[in-house]
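Below you'll find the structure, written out as structure tokens, and then a few comments.
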Amino acid sequence: MAAKRGRNRSPSPDPEGMFAGMVVFMVEIGVQRRRLQIWKQKLVQMGAVIEEDRVTKKVTHVLAMNLEALLHKFGKERLSHFTARLMLYQWLEDSLTSGEKANEDLYVLKIDSEEVDKPKKSLPAISGSEDQSSPQKRTRYSPDAGDFKGVESHSNTQGSPDSPTSCSVPSTSASPGEGIAETPTSPQSESTSVYKPPDLNRNITEIFGKLINIYRALGEDRRSFSYYKAIPVIEKFPTRIESVDQLKHLPGIGKAMRDHIQEIVTTGKLSKLEHFETDEKVRTISLFGEVWGVGPATALKLYEKGHRTLEDLKNEDSLTHAQKLGLKYFDDIKTRIPRQEVQEMEQLLQRVGEETLPGVNIVCGGSYRRGKATCGDLDIVVTHPDGQSHKGFLTKFVKRLKEMNFLREDLIFSTHSEEGTDSGVDTYFGLCTYPGQELRRRIDFKVYPRDIYSFGLIAWTGNDVLNRRLRLLAESKGYRLDDTGLFPATHSSSGNRGARGTASLKLSTEKQVFDFLGFPWLEPHERNL
């Protein structure tokens, strides 16, 4: 019998690895099979032994997605006799991300709470983690969007051409080993990528979403991001939150955040938000910050000039062309785009792209690729497999789309592929219309050389929690990561790490980037962290 159990254990642990000495039992409830297998492989590679059959006295750690999953698997009575440490999978993710074992005490699951006597009957699969990308284009946060979009860029135009962000096509990177994403060919393949968290606590996430927008408008991106990180955690929580005691072990939910949640579940409102909404300056700056192209500095200047409404801004001569368009189509741009509409527009772009340049690869990234139900805008990531034909494509593509009356107004247009400047990336930001409609939608195109396409696809798929984690992980290993590559970081004369090197590592697929950084592979629809 002992021999049989031995065959079920993962073989050959590294005796000197980070997890050496650990014997781990992994609760499968709420975890996708592929993710579970990856975690097991990582544990074994780094020294742990996996116990597949049952929790024996040799088991040192039991990992679970949450307390409900643990209770559902074993029951409270049986758990009370375990000598192993009961811990969240988040501990494993954070350890793998940082490259060293995280403090176990912060991830322990406790079973002595009276409110957990009865486990829930059904538990949704959850795949999680967390991030923020560098300052980039500003759009109003919606709980359905899940993208954090930072500050205004140069020339007061919203969104730097070098800064990835927002929404797009299904989970299309067919397999981790393939470099070019493929378009799904059936409703079945598309539906499997849809992101559907339990979302039982919109009373909390909607208030946090409003605070995100206010803090962004005030230029306080760090505070804004703290609420942004908390929202996916709350969205994925499998039950209605009635007490903050339910959240004490969750990542990204600190004491201040728990105090806000307690006030919301107790009173149905948040005094901090009410204060902001009654403050004329905050209210006005927040409103102006919702205009495409207007960041915190510009919003404050407009307020100090005496403007208080969007109607006032229509007579403001200092607005740029892009800001005037953002003002003119303010309501259109704020209107979210249904998933089906994004899919149809993406297919139109692929068809026109193929007519313009056979073999071109066009993928809609961002929230849509991550499986969200709606998008704030469309982020289109483009390349060509031969590594050369993408040069000059965007100019011809935009011209054709304008002839079709699909692209209507330009915001930003910069080309570098033919000159070889700016990493050879071409950029177009503008407004488009769905066929048969006049409602303006925001659309961005980024055309990448094939050899850096994987970096662009990761960056423009997001989410921003993931992007930030990957950047920090790269920095910890002596690299700088952005949408154009992974570069060895140079050092200043004082020995401090400075700017990035000039040559990027050659990593042709998203999975190769994840693997090099040592971050567990996530399918696009798993990246709503």
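Each Cβ is built from the backbone N, Cα and C atoms, and glycine gets one as well.
Within the listed segments 40-81, 418-459, Swiss-Prot records region 'DNA-binding' for the stretch 418-459. Annotated by Swiss-Prot as region 'DNA-binding', the relevant range among 213-227, 318-332, 468-482 is 213-227. Looking at 115-118, 283-286, 295-298, 303-306, the range tied to region 'DNA-binding' in Swiss-Prot is 295-298. The stretch that Swiss-Prot tags with region 'Involved in primer binding', taken from the ranges 240-249, 260-269, 370-379, 500-509, is 370-379. Other Cβ atoms within 10 Å of the Cβ of Asp377 (dCTP binding site) number 29 in total over all chains.
Most buried of the recorded positions His260, Arg336, Arg370, judged by other Cβ atoms within 10 Å, is Arg370. DSSP gives His260 (active site) a helix state.
Checking the recorded positions (His260, Arg336, Tyr368, Arg370) against Asp444 (Mn(2+) binding site) with a 10 Å Cα-Cα cut-off leaves nothing. Other Cβ atoms within 10 Å of the Cβ of Asp379 (dCTP binding site) number 31 in total over all chains.
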